[in-house]
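J.: My questions all concern the structure below.
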Amino acid sequence: MKMANPKYKRILIKLSGEALAGERGVGIDIQTVQTIAKEIQEVHSLGIEIALVIGGGNLWRGEPAAEAGMDRVQADYTGMLGTVMNALVMADSLQQVGVDTRVQTAIAMQQVAEPYVRGRALRHLEKGRIVIFGAGIGSPYFSTDTTAALRAAEIEADAILMAKNGVDGVYNADPKKDKTAVKFEELTHRDVINKGLRIMDSTASTLSMDNDIDLVVFNMNQPGNIKRVVFGENIGTTVSNNIEEKE
């Protein structure tokens, strides 16, 4: 089948840490990472410029640790290191399927990754390399969703692809608990904020809205879905400033 022109030419894919854990839900499952890497490689081979942000929830969660008595700042820094571990594993899997990949971190660790430098990240993308951003934004209290929105704005990405485990979009209620839940095909960023739809945290949603970055929430467990989103197929939920607000 002949493919149309891509809707998005430069994307930032946001993966949860749990996406790397496979069925176990914790830790890192190498076969799962390799499967995701092949999906990304297929899209990259079509000339799409790709950056990644990966959460760290498969290895560590700062908020529960803080609630249990750990200093919140230290707990968040620990989580940032978890995102770097995930980034290094994903980078290795992408390298193994033939994709030149760089990891850039917001906390200096020169032995394993480049420091985050916007201009260098842009050059990597222009040269056909994938860039994975690790260690959040380098400061506590900010989520990896906010990292994704910030880095997407900085690299002038056309869209953030929120790749979800077994969730095929945004609903007005939890579809696992409410059989009458209705999926939204389209939303504005303001819809998301006003309705309290927790796709991303409010900081990330506002950043995406202010910088006019589309957000697509889709099920990553269906093979080929990343490509479908990039080429504009109507899957998942698209959040954009260029959509009429829902009542």
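Every residue, even glycine, has its Cβ placed from backbone N, Cα and C.
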J.: Which residue range, 22-27, 58-63, 142-147, 172-177, is the one Swiss-Prot calls region 'Involved in allosteric activation by GTP'?
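T.: The range carrying the region 'Involved in allosteric activation by GTP' annotation in Swiss-Prot is 22-27.
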J.: Among GLY56, GLY98, GLY119, GLY166, which residue shares the UMP site with ASP76, ILE137, GLY138, SER139, PRO140, TYR141, PHE142, SER143, THR144 according to Swiss-Prot?
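T.: Candidate listed by Swiss-Prot for the same site: GLY56.
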J.: Check Swiss-Prot for me: it has LYS14, LEU15, SER16, GLY17, GLY57, ARG61, TYR171, ASP174 binding ATP, so pick out which one of ASN5, ASN165 it puts in that same site.
T.: ASN165
J.: Do you know offhand how many angstrom separate SER143 (UMP binding site) and ASN165 (ATP binding site) by C-alpha?
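T.: Answer for this pair: 18 Å between alpha carbons.
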J.: DSSP helix, strand and coil counts for the region 'Involved in allosteric activation by GTP' (22-27)?
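T.: With helix first, then strand, then coil, the region 'Involved in allosteric activation by GTP' (22-27) has 3 helix, 0 strand, 3 coil.
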J.: For GLY57 (ATP binding site), which residues of its chain lie six or more apart in sequence with Cβ-Cβ distance below 8 Å?
T.: SER16, GLY17, GLU18, GLY82
J.: If I take the alpha carbons of GLY56 (UMP binding site) and LYS14 (ATP binding site), what is the distance between them in whole Å?
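T.: The separation of the Cα atoms works out to 12 Å.
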